Amino acid sequence: MMSGGNYTTIDNQNVSGAVPAVPDQGQVTVKFNDSSLQTFPPSGTQGKITGGSQPPRDADDTFSKPISGSDETPQQDVLERIKDSLFPFRGTFNERTADTPDLYGPFWICTTLIFVAASIGTFVTYVAHKIHKKEWNYDINLVTWSAGLFYGYVTIVPLGLYVVLKYFSVPSGLVQLLCLYGYSLFVFIPALCLSIVPLEIFRWVIAGVAGFMSASFVALNLRAHIKSAGERWILIVASIFLLQLALSVILKLYLFTVTV
């Protein structure tokens, strides 16, 4: 080392001797213990994420459960209630539908009645005119008249009865009354189909039997509830029965009767 020029000289041998070279030992393998690793996702995880592609255990499975308001359940209920309407003397319809009255069945029963009344009435009238070799014209008023009759009856009559029962402090529900009256009209569907038989006496019998079954169905199912109105319950039940019979007479005169 020379101090005059401010230069410093380092011996290469000394430097190389201070840092010894590391010999090449080949490929080094590093091993980890299995206990220090975790599988992903962890097998014991509880929560929203679980192993595999399965949904979480505590996820909301609302969409996987059957909905009570699906189409299958109402259809099954409607079929059972239609069967009950064809056995009017049981008088248990109100009890069975007290918790779950529906308007699905009454709506489609009225709609089917309108279609059947218009189609059967048109067909019978057409055949009668052809037999007598007379000119036939389609009556569009038959559809509108049938719609007004059935929809109006199944709405106005239960509403009026609901007001009357409320006046006499009789426990009743409007939806339940609409349900009862709607199903009471089902018996007129097969009756209208049988009206194609070209015998006037037979049509009167069919209309009378259908009217009696429908009237009995309504009256017997309401009798137990209307008894709480006191001595006037007989008058109310009789009025309900006669009003339903009047409907069958109207149907006989305007739908079961063929005029040429």
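Any Cβ shown, glycine's included, is placed from N, Cα and C.
If you look up TrEMBL, you'll see 1-16 (among others) marked as compositional bias 'Polar residues'.
According to TrEMBL, the feature compositional bias 'Polar residues' maps to 26-53 (among others).
Annotated compositional bias 'Polar residues' per TrEMBL: 65-75 (among others), in sequence order.
If you average pLDDT over the domain 'Yip1' (90-249) in this model, you get 87. Here TrEMBL flags 90-249 as domain 'Yip1'.
Taken from TrEMBL, the feature region 'Disordered' applies to 1-75.
The feature transmembrane segment is assigned by TrEMBL to 103-128 (among others).
The transmembrane segment annotation in TrEMBL covers 148-165 (among others). Cβ atoms under 8 Å from those of the transmembrane segment (148-165) belong to residues 106, 110, 113-114, 117, 172, 174, 177-178, 180-182, 185, 225-226, 229, 236, 240, 243, 247, 250 of the same chain, restricted to positions at least 6 beyond its ends.
The transmembrane segment feature in TrEMBL is assigned to 177-198 (among others). Within its own chain, the transmembrane segment (177-198) has Cβ neighbours under 8 Å at 81-82, 84-86, 93-94, 97, 101-103, 105-107, 109-110, 112-113, 116-117, 120, 123-124, 127-128, 150, 153-155, 157-159, 161-162, 206-207, 209-210, 213-214, 217-218, 221-222, 244, 248, 251, 255-256, 258, counting only residues six or more beyond its boundaries.
If you look up TrEMBL, you'll see 204-222 (among others) marked as transmembrane segment.
If you look up TrEMBL, you'll see 234-255 (among others) marked as transmembrane segment. Beyond the ends of the transmembrane segment (234-255), by six or more residues, the same chain brings 117, 120-121, 145-146, 149, 153, 157, 161, 164-165, 168, 184, 188, 191-192, 195, 203-204, 207-208, 210-212, 214-216, 218-219, 222-223, 226 to within a C-beta distance below 8 angstroms of the stretch.
Listed by sequence, the residues of this chain that lie at least six past the ends of the transmembrane segment (204-222) yet keep a Cβ under 8 A from its Cβ atoms are 85-86, 88-94, 180-181, 183-185, 187-188, 190-191, 194-195, 237-238, 240-245, 247-249, 251-252, 256.
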